[in-house]
Structure formats: structure tokens, C-alpha cells
Amino acid sequence: MRAHEILNNPFLNKGTAFTMKERQELGLIGLLPPTVQTIEEQAEQTYEQYLTKPSDLEKRHFLMEIFNTNRTLFYYLFNKHIVEFNPVVYDPTIADTIENYSHLFVDPQYAAYLDINHPENITETLKNAAGDREIRLIVVTDAEGILGIGDWGTQGVDISVGKLMIYTAAAGIDPASVLPVVIDAGTNRKELLEDHLYLGNHQERIYGDQYYSFVDQFVETAESIFPKLYLHWEDFGRSNAATILNNYKTKIPTFNDDIQGTGIVVLGGIFGSLDITGEKLTDQVYLCYGGGSAGAGIAGRVHAEMVSEGLSEEEAYKHFFMIDQQGLLFDDMEDLTPAQKPFAKKRADYKDAGDMTDLLNVVKTVKPTILVGTSTNPGAFTKEVVEAMCANTERPVIFPISNPTKKMETTAEQVIEWSDGKAFVATGVPSGTISYKGVDYQIGQANNSLIYPGLGLGMLASEAKLLTDEMIGAAAHSLSGLVDPGKPGAPVLPPFEFVADVSIKVAEAVAKKAQEQGLTESKETDMAKAVRDLKWYPEY
């Protein structure tokens with residue numbers, strides 16, 4: 001490999017940290033300033049530049065320049081400032097870069113761009129993108145349901161890139177072993193189709209047999225090329241997400257973050273709340289506000305946990321209610337998704353069914369103790385709704401977890417104030433600490449970043465053949481043991497600043513459960529050791 005190729009390869013490049021011996025051996029003499037820096041000095045210099053950027057969007061652009069030139073330095077810096085950088089590198093700032101991707105495009109970032117019109121190119125595309133790297137983890141999106149901002153076509157590749165950044169920063173998954181993938185199946189966003197600078201296919205989305213055939217071919221090819229692959233589905237539309245997951249979850253090690261990941265972290269937050277009150281999950285009434293992939297997935301996860309705690313499936317479903325655009329879901333509605341149908345009620349059981357299009361009326365009628373918002377409908381959790389929740393139970397669980405910030409159902413501060421500090425709160429974006437009547441309430445972030453990195457690390461370390469419900473349950477339980485139930489105002493989820501420790505605990509729980517179920521192919525029998533041995537550190 002030639003000198004300039006090394007300097008242009010982000011997996012190999014050290015920049016000014018190449019030693020004199022390395023510069024001599026690699027033909028780099030005279031191509032770098034004479035001073036040899038440590039990674040600490042490089043990070044100090046880079047962070048100083050970062051602080052000069054006036055907006056989060058410009059800060060993200062700067063950090064992506066580092067990412068594109070030196071992965072090790074990028075992750076060293078990210079680990080050092082993980083709480084500060086997370087909302088810049090990922091949600092919410094990434095939404096702005098996705099919306100402007102075609103106009104800001106500079107570097108493909110070793111992503112694989114799959115074109116639904118050319119299935120014959122899948123093999124070549126994946127091999128070209130991977131090069132000589134052994135890929136263990138793929139995050140793939142078709143970008144139909146990005147981060148509450150909708151359909152962004154090829155531009156959604158940034159969500160795959162961003163997700164993998166969190167995998168590495170939080171759990172130490174080797175960045176050379178990951179591959180971001182986007183399936184360009186078209187887009188229904190008119191502004192993209194009419195933009196001559198849009199870099200994706202200028203066609204409306206393709207659905208049905210052609211779409212599923214392409215996905216099948218992608219999965220088969222990826223599994224063939226990368227035999228130890230863990231496949232993560234991200235931000236697929238509600239019409240396809242559950243179908244795809246159900247097609248593959250009993251065949252390969254795979255995971256859908258929107259359907260499963262959010263459910264795990266919300267369940268962990270519920271466990272954290274119930275640890276404080278001493279109540280049982282099977283005594284709760286759950287209201288899902290927003291019946292898309294995330295909302296239905298969370299409800300499904302909590303339902304599965306109720307069943308594991310002793311209820312029959314039918315008994316457990318009686319504890320659940322779901323509201324979507326048409327109001328409370330009834331089984332006579334024609335447009336229910338497969339994921340929504342189990343939660344739909346019989347209209348005849350509710351004499352005021354016609355009034356069940358309003359959240360407040362539903363809360364007063366079905367008397368939930370848990371309210372989770374995934375609607376992206378800002379302001380939906382009004383003061384009256386919060387007060388009605390408090391009338392149902394002494395300490396309600398209220399999680400407005402829609403993101404980005406402008407899509408939240410309410411703010412944590414409003415929930416604390418309107419509930420007089422009684423409600424347990426977690427939000428989908430960082431909310432910090434809220435002082436109310438002398439108590440500092442630390443607001444947990446129901447951020448999937450607490451769960452999916454560790455889950456992935458556990459899957460890779462154990463070389464698990466499948467991701468089972470039991471392994472997912474183990475991940476959720478591992479979260480709940482990390483909060484302090486005796487501290488007033490304590491968060492119901494561990495703060496993101498501890499995500500590295502959280503990820504190790506989640507990984508160990510998942511790997512050990514896989515081992516118990518006889519699903520591991522790793523030669524290592526000590527799963528805690530397997531997890532620690534696999535963890536990658538950003539060092540030269």
C-alpha cells in the first residue's frame with residue numbers, strides 16, 4: 001500500500017501520531033510535520049477546533065471530517081466527550097444532515113448503497129464496500145421512517161453510519177468490522193423527487209413482491225459473504241418493519257431497533273420505576289400513544305414480559321390499550337397493521353367508543369398507570385392528561401419518548417410540574433436535571449443507545465445463532481439494576497454518561513442467556529471474558 005493510500009485510509013491513518021520508525025517503514029517521511037504527537041495531544045488539538053464551531057450542525061460536519069480521516073482519533077475523542085458529542089453525532093443533529101445529505105455530500109464513508117433496480121449488483125456492492133475487512137455487524141435501512149422525520153430515501157444512509165458510531169463508542173465494537181447499508185427502494189418525498197441534486201433514485205417507493213424479493217436476496221448474500229454476521233434493521237416503514245423482522249428472527253441473528261430496542265429500554269425504565277414503588281408489572285395498565293413500529297414494538301415487549309411473569313397471553317392483552325391516528329384501536333378498523341391487531345379492542349365493550357378518539361377521554365376511561373408516547377405529536381400530553389394519569393395511580397409512569405425535540409408529546413419539566421413530582425419520567429431526547437420543590441429530578445433518557453450497543457456486543461462475543469425473547473428480557477433486566485431506588489429524584493434509567501459500563505453489563509447478560517439456551521458458537525465458555533476480549537479500544 002502506498003503512503004498516500006495509508007494516509008487516506010481512516011482505519012489505518014494515525015496522522016501526526018505515526019512514529020519516526022513507522023514513517024520510515026511506510027514511506028511517510030516528509031509527508032507529515034516533523035513532530036510526533038500522542039493521541040492525547042491530537043485529541044486536545046481537535047477538541048479546541050471543535051469548540052470554535054458556532055452550531056451543532058457545523059460541529060457535526062467537523063467531527064465527520066475526523067471520522068472520515070482517522071477512525072481511532074474520532075472514537076478516542078467521542079469516548080472522552082460522549083455525553084457532549086452524542087446529540088451532535090447522532091440524535092437530534094443527525095436529522096439535519098439527513099435532510100440535507102445530497103447537498104452536503106462529501107464522502108460515502110465506506111457505506112454500501114443498494115439499488116432496488118439492480119439486485120444483480122448486491123454481491124459486488126457488499127464486497128466493494130467491505131474490501132478486505134471481516135464484517136461482523138451491518139446496520140441497514142431503507143430510510144422510509146427516519147427518526148420521526150419520515151421518508152428520506154438514499155439520504156437515510158446517514159442513520160446507518162450514525163448508529164454504528166454509537167455501537168463503537170458505547171460498546172467498543174471494532175469500527176473495521178462494521179458496514180452501514182442503505183436500500184434505495186425509491187422515495188415518496190416529493191421535494192426529493194423534484195430536486196435535481198438528490199443523489200438517490202428519482203422514483204416513488206417500490207413495495208410488495210419486488211421489494212421483499214430484493215430484501216431476501218440482500219440477506220442471503222450478506223449471510224453468505226459474512227458468515228458471522230449480526231444484522232440490525234433501522235428505520236424501516238411501518239408497513240415493512242415487522243414483516244421483515246418476523247421473516248428472519250428465527251433464522252439468523254438479527255434485530256430491529258425500532259421494534260425491539262425501544263421496547264427493551266422502555267421496559268428497563270418501567271422496571272426502574274417499579275423498583276421504587278414496589279409494585280408488580282402484572283398489575284399495571286399500559287396505554288400506548290402512537291401505534292407505529294416503535295409504539296407497537298414497545299407494547300409487544302412489555303406484553304411478552306407480563307406473560308413471562310405468569311399471565312396468559314390473553315390475560316396480558318387486557319392490560320394494554322393503543323391509540324393511533326384514528327383514536328383508540330378497535331378490531332373492526334380496516335387499516336390495522338399486523339403489529340396493532342393483537343392490541344385492538346372490541347367496540348361493543350365500550351359504550352362511549354365514539355369518544356375514544358381523544359387521548360384525555362381514553363385516559364379517563366381505561367385508567368392507565370403507564371403512558372408511553374411514540375406519536376411524534378407535539379403537545380399531546382397536556383396538563384389535563386397528566387392530572388388524569390395521577391388520578392389513576394399514586395405514581396404514574398409517563399414516558400414522552402418521541403424524537404427529535406420538536407416532536408415530543410410534552411417536556412419532562414411539564415410532567416414533573418403537572419404531576420407535582422409524582423410521575424416517573426423518561427424522555428427520548430436528553431432532558432438533564434429538573435429542580436422542583438427542593439428535589440433534583442434526574443430525567444432518564446429512553447435512548448436505545450443504552451441497550452443496542454451492549455446487545456450487539458453480547459451477540460458478537462457469544463457468536464449467538466439467534467436473538468431470542470429471553471435474551472432481550474435479560475437485557476432489559478440488566479438495565480433496571482443500575483438505578484438507585486432509594487434516592488429522591490433518581491432516574492429510572494441509568495444516565496448516558498455511564499453507557500460504556502451499561503453496555504458491558506447488557507452484553508454479559510445477553511451472552512450468558514444465549515449460553516444458557518445453547519445458542520452460542522464461541523469457543524470461549526466464560527462469556528464475561530468473551531465480551532471483554534472482543535471490546536475494541538481507540539488506541540494506536
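From the backbone N, Cα and C atoms, a Cβ is placed for every residue, glycine too.
Keep in mind it's a predicted model, so treat the numbers as computed, not measured.
With Glu234, Asp235 listed by Swiss-Prot as binding Mn(2+), the candidate from Asp216, Asp258 annotated for that site turns out to be Asp258. Counting only same-chain residues at least 6 apart in sequence, those with a Cβ under 8 Å from the Cβ of Gly291 (NAD(+) binding site) are Met322, Ile323, Asp324, Leu329, Thr337, Ala339, Gln340, Phe343. Excluding Glu234, Asp235, Asp258 themselves, the residues of that chain whose CB lies within 8 A of the CB mean position for the Mn(2+) site are, in sequence, Thr141, Gly145, Ile146, Ile159, Trp233, Phe236, Ala241, Asn256, Asp257, Ser293. The recorded positions recorded for this entry are Tyr90, Asp235, Asp258, Ala294, Asn403, and the Cα of Asp258 lies nearest to that of Asn448 (substrate binding site). Its Cβ placed at the centre, Asn448 (substrate binding site) has 25 other Cβ atoms within 10 Å. Each of the binding-site residues Glu234, Asp235, Asp258 was scored by the other Cβ atoms within 10 Å of its Cβ; the lowest score goes to Asp258.
Using a 10 Å radius centred on the Cβ of Lys163 (substrate binding site) and all shown protein chains, the other Cβ atoms total 27. On a Cα basis, Asp258 (Mn(2+) binding site) lies 5 Å away from Ala294 (NAD(+) binding site).
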